[in-house]
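Copied over from Swiss-Prot:
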{"type": "ACT_SITE", "residues": "Asp205", "note": "active site, proton donor"}
{"type": "BINDING", "residues": "His5, Asp180, Met181, Glu182, Ser204, Asp205", "note": "purine D-ribonucleoside binding site"}
{"type": "BINDING", "residues": "Gly21, Arg25, Arg44, Arg88, Val89, Gly90, Ser91", "note": "phosphate binding site"}
{"type": "SITE", "residues": "Arg218", "note": "site 'Important for catalytic activity'"}
Amino acid sequence: MATPHINAQPGDFAETVLMPGDPLRAKYIAETFLEDVKQVCDVRNMFGFTGTYKGKKVSVMGHGMGIPSCCIYVHELIAEYGVKNVIRVGSCGAVRDDVNLMDVVIGMGASTDSKVNRIRFNNHDFAAIADFSLLEEAVKQARAQEVPVKVGNVFSADLFYTPEADIFEKMEKLGILGVDMEAAGIYGVAADLGAKALTILTVSDHIIRGEKLSSEERQKSFNDMMKVALETAINI
């Protein structure tokens with residue numbers, strides 16, 4: 001039965017869904033990496049697809065930008081479509097000095113300036129963390145493929161254009177690897193609904209050093225990350 005935001009039918013989604021922010025990126029993943037692909041939803045042009053990777057069923061769907069958007073889609077996938085594993089695949093801006101362009105960052109935990117997890121937890125702090133079994137498998141796959149990987153805390157920001165110019169130096173001091181806009185929300189929804197979640201990010205720019213990938217480097221880095229994510233998806 002369709003939800004307000006996903007017009008797929010029961011059974012259309014695999015137990016594991018890879019989720020980029022951009023729905024066109026979801027389309028690219030499906031067409032590039034999966035076989036026997038079927039588009040299963042398109043409400044608001046938030047495309048979802050299901051296919052196979054090395055013979056195993058995998059789905060991919062966009063989640064939009066920011067915590068409010070991704071929380072809607074992740075909630076409905078888990079609560080209404082029986083999805084058990086959500087793996088966010090996206091990009092981040094690095095802040096720690098030892099994190100470099102094209103590294104893969106795996107969010108073991110996700111700090112945030114959003115209040116969504118406090119709302120869930122009676123205004124208390126909630127430690128938004130990845131599922132360890134997904135985390136362990138992703139690190140294993142990255143090392144097997146010789147993809148440079150950093151594992152640790154990320155920061156999920158509500159504002160892309162932040163007025164807090166000094167916040168990134170504070171993040172670096174506290175050991176935060178990089179900044180995205182969704183991980184903390186996804187981890188909160190998954191915990192609330194009893195599912196597993198992981199965030200895998202490619203470093204597209206370094207916020208403090210002012211470095212950025214070229215379009216060609218960005219694509220290669222994304223493809224490397226996707227191979228890690230897909231191998232994780234079929235081995236959990």
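Backbone N, Cα and C atoms are what each Cβ position is placed from, and that goes for glycine too.
Since this is a predicted model, take the numbers as computed values, not measurements.
The closest partner of Arg44 (phosphate binding site) among the recorded positions, by CA position, is His5; the full candidate set was His5, Met181, Glu182, Asp205, Arg218. Only Glu182, of the binding-site residues His5, Glu182, Ser204, have a C-alpha within 10 angstroms of the C-alpha of Gly21 (phosphate binding site). Reduced to three states, the DSSP call for Gly21 (phosphate binding site) is coil. Note on the recorded positions Asp180, Glu182, Asp205: the fewest other CB atoms within 10 A surround the CB of Asp205. For the recorded site, Arg44 (phosphate binding site), the DSSP three-state label reads helix. Within its own chain, His5 (purine D-ribonucleoside binding site) has Val43, Arg44, Met46, Ile72, Tyr73, Glu76 as residues 6 or more apart in sequence whose C-beta sits under 8 angstroms from its own. The binding-site residues in question are Arg25, Arg88, and the one with the fewest Cβ neighbours inside 10 Å is Arg25. For Ser204 (purine D-ribonucleoside binding site), the same-chain residues lying six or more positions away in sequence with a CB closer than 8 A to its CB are Ser91, Cys92, Gly93, Leu101, Lys212, Leu213, Arg218, Ser221. In this entry, purine D-ribonucleoside is bound by His5, Asp180, Met181, Glu182, Ser204, Asp205, whose most widely separated C-alpha atoms sit 32 angstrom apart. Closest to Arg88 (phosphate binding site) by Cα-Cα distance, out of the recorded positions Asp180, Met181, Glu182, Asp205, is Glu182.
It is 18 Å from the Cα atom of Arg25 (phosphate binding site) to that of Asp205 (active site, proton donor).
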